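TrEMBL annotations:
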COILED    401-428  coiled coil
COMPBIAS  147-166  compositional bias 'Polar residues'
COMPBIAS  313-322  compositional bias 'Basic and acidic residues'
DOMAIN    1-132  domain 'PX'
REGION    141-167  region 'Disordered'
REGION    313-341  region 'Disordered'
């Protein structure tokens, strides 16, 4: 398979050069100030603010809802604003951390097998207002709405009997895919374990920072003591003080290295877990929708079968009546209607029989007239009952059969669309999960190697400093 040609110069640069965020600047717009980050790829430079990174991620999520989009560093929390007030947004350490994590965000997109080819990502590095770039990509707003699943959902909402259930967890599915069920379980466990690891390491990093500060204070004290002594003892104390100073610097370097190369990557993977769970949840909703359509189709087919049985029985009765020279026309329809309201008909007949028996008991002409009127009244009621129940039940039944067949055809179309959409979504998610697993294994290996190397460098630096201090102390004569 031939390699696809780059769609623009930026894509070619991304394949050959690393993305760097060189610096951050404070800019003002009216009465508001904000931080912008200078991005560089070879000879291309552009400045973007944090909100534009957020917009890029949101746009990629709309265009590729089944892709695992890399996370962004968290925003400054309300607690930080409350404690540091306006200084929080200008905090140097926070800005430096955000620079590193924003650079990681862009690098991870550039290495993704789908996102790296998305042209709107390439345009993020153009020196144009980002709002204009987003507006020039209408697919970012319409693609999600035009998906087969959305179309099927809107179609099914027009029919109250094919309403689709939605689920928030794979546990609610009747027949969940074991692969994704296992993935959801693993992701929850991974997120929990990573969060605990990062929390424990954060405590260690803080203690290393405190230890470095104590070394700094202790080194200064030893240097002051050496000034009060003379010759060999002063030199030995000074050399021990220098070893303590070296321990201060190496411990501070260790704490910073662990923060950059261990804590921050773990924080990224904790956020990755949240993203994966959201993707699996969205797929679960599609699967639940498919189950709902299957249920509706099953019920509609059962109803159609009952109606067709009734239609066949009606035709059989009609043939029997015709073969026995029974009166045709309205009488046949009346017979069909009578089957639907036997209790009402029986009540009317009983009333008529009672009136006839009363009229035959030698009543006067006035009483006979009353009975005749009552008969007429009851006859009208019987006629009205037939009109209310159905003027033409056979025609109504045929209309219902036609309606059910149309609904079944519509549901079958929806079923095919949703099945294809779910299959496509599942394949895309699986490809992303496989890519993520390879990336995770590679990153965790690098994280652990960096962790070991940082401690090794710390130990070697301290060993050399303390060996020199020991040699100087040995020079003191007894």
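Cβ coordinates are placed from backbone N, Cα and C, and glycine is handled just like the others.
Sorting the compositional bias 'Basic and acidic residues' (313-322) by DSSP state (H, G, I as helix; E, B as strand; all else coil) yields 10 helix, 0 strand, 0 coil. Note on the coiled coil (401-428): its mean pLDDT in the predicted model is 94. DSSP assignment over the domain 'PX' (1-132) gives 66 helix, 26 strand, 40 coil.
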